[in-house]
Structure formats: structure tokens, C-alpha cells
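Peer 1: Okay, handing you the structure first.
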Amino acid sequence: MQPTLAPYPATRLRRLRRTPAIRALVQETTISPADFIWPVFVRDGEGVVEPIASMPGVNRLSVDKVVEAATEAHALGIPAICLFPYTDPALKTEDCAEAWNPDNLSNRATRAIKQAVPDIAIMTDVALDPYNINGHDGFVEAGEIVNDRTVEALVKQALSQADAGADIIGPSDMMDGRIGALRSALEGAGHQNVLLLSYAAKYASAFYGPFRDAVGASGALQGDKKTYQQDPGNSDEAMRLIARDLAEGADMIMVKPGMPYLDICRRAHEMFGAPTFAYQVSGEYAMIAGAGERGWIDGDKAMMESLTSFKRAGCDGVLTYFAPAAARLLNG
Ligand code: PBG
């Protein structure tokens, strides 16, 4: 775009900023609760609301409480909720079999939400880390995170989630070939309407720390995830990953983390035009919520500004732990 500007004083750009009414009229980017996917942490038990120290305001919820949360989210106009299980450490094994147990926590929560709030979309996470004794997203053999055997397990996990009623499957594992394998397995099992939101451009990031506390993976994780998650210095590689996942049958793509990677969001949106999401991850949440709690910044304003930035960067929506708080503010 080539801006056409008359010389000052014919052009006074501040005229457009003088009053709230005029500012509202020319605002380019707006956000609404319909832009949010709300990630929630599920644990076992009943009536349990367990705070997560590194994520002020976020709790692990038992299935009955997750159903309440979904009901509230739906009433607030939030279209989708995303489930992350905090798995009992006793159920973590080397073969990760709990991941495709039809009655695991995630699947039980999916069925309960479907029954109580059929209109909210349910997204589930495909990766082995909540079930893996060593905290990795894939199987570990002789110190290597192996690809193809992991993909076979991810397919079983995703099918159990689709059988339970998941609307959107979110593979967050970064294995090669998983989108194609998941798509053909879903088609083969009669789940042709189940959506794949690929964590296509997922970086090996320090901003996931509080999440790993929340799902109980921090203690378990051996080493780092750099052989499967991306180097934060890479942008072209993100485009290749997104192109590959779309070619294999992803319906939507995600950039993760969010705020440090807005350039990737912009590029992805312009290059592919596919529904593009950012994940404002746990560490981003913790920075804003933690500083807000201490009075170092205005937490509500920083929350809204950060959420607006994703839309401005070209995202269609954002996964954010702020979803209900932001929706409440937006709804007045
Ligand atoms: C792992 C997974 C992670 C997140 C979502 N799925 C962490 C990781 O890759 O170690 C992070 C989300 C967040 O930080 O909010 N499959």
C-alpha cells in the first residue's frame, strides 16, 4: 500500500484519534469472544479446582468442573474449548498406552462436555507427553525420539479422541507424516468431519514452562525437544512445515508460541490463506497475569492488547488461557 498524504497541515493524522467515537469508527482490528479457543487442564476427582502456581487464575479441573467451565464458555460466546489432561503419574508408561485408552481423562471429559454442552466445539491434544514416562511427545529409543512408531501411536490416540466425540484434533507433537496418517485414519474410520488443526509451526520454546507444570510433565522431561520442535531462529522452515501439513490434509494451522512469533503468523496468513491460529502459551500468560497481579502492568489492558495483536498479525483466532476473562470484558 502506498499511503497518499497531503502535506501538513492539510493532513493532520491526529484528527482521526481525537474522540472515542472517531477512534471506534476507524479501528482496523477488533476482537470478539468468537475468536477464542480456551485451553483447560483436566484432572481426576470430583469437585476439584486446583490452582496452578505458575499460571495465576488458571486451575486444574475435575471432569464435572470442566463441564461447568464449558457451559460458562458457551454462554460467553467462546466457540471452542481445548482439553489437556493432567495424568496420574502412576499411569505414565514407556508404551504410553493410556493415550488411547477410550476411558482416559481426556476422553471422559470430551463425552461429558458433549452431553452437557453439545454446541461447543471440543479440541483435543495429540502427543504422547502427558502419558510418557520421560515427558517426550514421542517414543524414546536409545535416546532418540523415534518418528514412525510414534505416528502409529498418535493415530490410535486421535481415533480414540474422535470416537469420544472430539470435533477438532490438535496434533502438537511435530512428528513428520502425522497429518497424512491421521487424515487417512480418520477417513477410514468414518470420521470424515473431524477437523485437524495442526500445530504446524511449533517452536522449541522456553515459554512452555508453566504448561509443563500444569500437566505434570516438567519433572518427567528428560533433555529438550529440539530434535522435533523448531529452532526459534527459523522462518522459512515454518513455511515449509505449514505447506507440508496443508498438503497432507490439515484444515487449519497454528503458530506457537504467539507473541514472539507474530512475524510467522503474518507470513503464514499471507502465504497460505488457510485458517490461521496462534497459541498464546502458558509463559506468555504467566508474564501478563503475573505482572498484572503485582501491579507492574495493567493486566486487563495488556491482555486485550496482546489478543488484538494476534488478529492484527493476520490470525483468525487465538488459543488463550485468557479466553473467559477477555470474553467477560468484551461482553461488558
Ligand atoms: C506438548 C504441548 C506443549 C504445549 C501444548 N502441547 C508443551 C511442550 O511442547 O512441551 C504448551 C502449551 C503452553 O505452554 O501453554 N504436546
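The backbone N, Cα and C atoms fix where each Cβ goes, glycine too.
What TrEMBL lists as active site, schiff-base intermediate with substrate is K202, K256.
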Peer 1: Determine the minimum-neighbour residue: among K202, K256, listed as active-site residues, which Cβ has the fewest other Cβ atoms within 10 angstroms?
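Peer 2: Counting other Cβ atoms within 10 Å of each of the active-site residues K202, K256 gives the minimum at K256.
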Peer 1: Give me the Cα-Cα distance between K202 (active site, schiff-base intermediate with substrate) and K256 (active site, schiff-base intermediate with substrate), rounded to a whole Å.
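Peer 2: Cα-Cα distance, K202 (active site, schiff-base intermediate with substrate) to K256 (active site, schiff-base intermediate with substrate): 5 Å.
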